[in-house]
Amino acid sequence: MDKVVATAAEAVADIANGSSLAVGGFGLCGIPEALIAALVDSGVTDLETVSNNCGIDGVGLGLLLQHKRIRRTVSSYVGENKEFARQFLAGELEVELTPQGTLAERLRAGGMGIPAFYTPAGVGTQVADGGLPWRYDASGGVAVVSPAKETREFDGVTYVLERGIRTDFALVHAWQGDRHGNLMYRHAAANFNPECASAGRITIAEVEHLVEPGEIDPATVHTPGVFVHRVVHVPNPAKKIERETVRQ
């Protein structure tokens, strides 16, 4: 089945207000910028995003934040986005902070049909005990806090129960993809993309290099086409650098 659509706008056209999105990438590496830009242009709002971080100001998911399109986010590292911090502290954005490895496993588990799993990460902290601020009110008071989670002991070690994540849509960026949706990621751009691709009920992939079925060595496929519903060819995407260090 040919899953290629002509434009990013066409690919995201049915993402409605209030949808949940799993978005791949780490920092500015491997993020689906064309799909995010198309979402901004579509006017969709009240979104819930699941992503390692929310980009930086005006880039990646930071673009959706800039236009105030995100209602809630499940994230791990968010310290590089000033607008994110402003919206969170002003009570405009709900934030569920999750340990990075736990977030990756929650996405992977959701995609594999695993409803929940136990992990030692977060035991003895507000991650497990509850009380972590999720939303502030306009005056700076805490309006919503995280609930306490179930804990259980195995072989003398305490673990906390974490739930798998499934989202309405997933947006991912791949280096190479074929018309059947088989994807290959390149180097660090693989971060969170495979997990997000499996977690979405409808997964949309933007690919730098579009090839015909059979051209990708099956042994190098990172996300099989069974997980992917739409493919958009986005050649020569901008390669933004989050932090540049040069020798004096």
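Just so you know, glycine gets a Cβ as well, placed from its N, Cα and C.
The shown structure was predicted, so the numbers you read here are calculated from the model rather than taken from an experiment.
Here is what Swiss-Prot records for this protein:
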type: BINDING; residues: G24, G25, F26, G27, L28, C29, G30; note: CoA binding site
Output field, CoA shell: CB within 8 Å of site CB centroid, site G24, G25, F26, G27, L28, C29, G30 dropped: I31, N52, G60, H173, A188, A189, N191, F192
Lowest local Cβ density (other Cβ within 10 Å) among binding-site residues: G24, G25, G27, G30: G27
Same-chain residues at least 6 apart in sequence whose Cβ lies under 8 Å from L28 (CoA binding site): G55, I56, V59, G60, K240, I241, E242
DSSP-derived class (H/G/I helix, E/B strand, else coil) of G24 (CoA binding site): coil
